[in-house]
Amino acid sequence: MKTTPNAVVSPMTQTTLRHRSSLLSGTPLNSVSKRESLFEGTATLFEKQKGSISFADEPSGTLRMSARIASMQASKEVEEAEKEKAAAASQVPLLQATRWTVLERLKSFGWVPTITALLWLVLTPAMLIGLYLLCGKERCSVSVLPTLPKAMRSYLHWKIGVGYGVFLLLQALLQAIPVGRTVYGFPCKLFRHHVAYRYRLNGWLHLLGTVLVFAALTHYGYPVTAAYRYCFQLLMTALVVSAVLSLVFYVKGQFASKNHRNPTGNTGNVVHDFVVGREINPRIGEMYDLSVLLFRTGLMSMVVLLGSMIWYEYVHTERLNYNFAISAFCGLFYIVVA
């Protein structure tokens, strides 16, 4: 029997058709019914949601943004917000790191060596000047404060400066004379290999040459008593020269060889290295030791000062005080032995 398109199928026929299709596909009839009811419920829910959406607020003529573009913009905003939070959070550790770095630098600066070096720099010249001012020609007492001279000429005088420069040049020339045997000194224990330096034993040449020059100047009428009469100006000149030479040796230590660098004087602390010395026994060449030169210059300065005091005492009193003579003899004996 052929059915027309507009034919009405009875409920019994629909049930029969469903039963046949389930038998052919192997799917139970109740599963088909549940699936169709699920589809019908989903369609009904979609129709409800579609009816609840309103397009009244959307302006006409504008394009709708896709969900992918919207999600990309949202992710960019989230990333920017996270970057701002990270930048704000990184500022606090940066400040803490800066403070920690400053504290570490202060600790590594070394307060104890620095203060010790400053005490040496300040107390040594202050002690020398204070002793001279407290023990003068009129009195020697610590109960009365000394009066400091106000004139610049009372501290430094160009004639004393020239004379002291000539004296240093004389000592440098005497040490340069290649007279006397050479020996090795004690090994320096600051280095792993215990480096030993060579020295020339010509200290007696310094003493003999200084005494001969002093005697010749006295014979020709040169005022050798100036070393005693202008002792304070001589002291201030020696302090200035020592400061200048210390600065020169500090710069020279930067270019010294490894066998001459002082391990305890190259710490990076400028004040400590300046006082301790960046170089052990600074030298010019292999034999000319500058530290020995300065040591001998100090001893010869004592010889000149004692000789000036002895001659001044003899000229004014025409005799020598026994106490002063014994004291001068002990000083000269120490210089000869040293």
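Note that Cβ sites are derived from N, Cα and C of the backbone, with glycine treated the same way.
Summarising the annotation, TrEMBL assigns coiled coil to 64-91. Predicted-model confidence for the coiled coil (64-91) is 65, expressed as mean pLDDT.
Residues 141-142, 146, 148, 231-232, 235-236, 239, 267, 269, 271-272, 274-276 of the same chain lie 6+ residues outside the transmembrane segment (109-135) yet bring a C-beta within less than 8 angstroms of a C-beta in it. According to TrEMBL, the feature transmembrane segment maps to 109-135 (among others).
The transmembrane segment annotation in TrEMBL covers 155-180 (among others).
The transmembrane segment annotation in TrEMBL covers 201-221 (among others).
Residues or ranges marked as transmembrane segment by TrEMBL: 227-251 (among others).
Sequence annotations record features per position, and here TrEMBL assigns transmembrane segment to 293-314 (among others). Long-range contacts of the transmembrane segment (293-314) within the same chain: residues 167-168, 171-172, 175, 203, 206-207, 210-211, 214, 218, 224-229, 231, 238, 245, 320-321, 324-325, 328, 331-332, 335, 338, each at least 6 residues beyond the stretch ends and with a Cβ under 8 Å from a Cβ of the stretch.
Taken from TrEMBL, the feature transmembrane segment applies to 320-337 (among others).
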(message) Against the transmembrane segment (227-251), which of these stretches has the most C-beta pairs under 8 Å: 155-180, 201-221, 320-337?
(response) 155-180
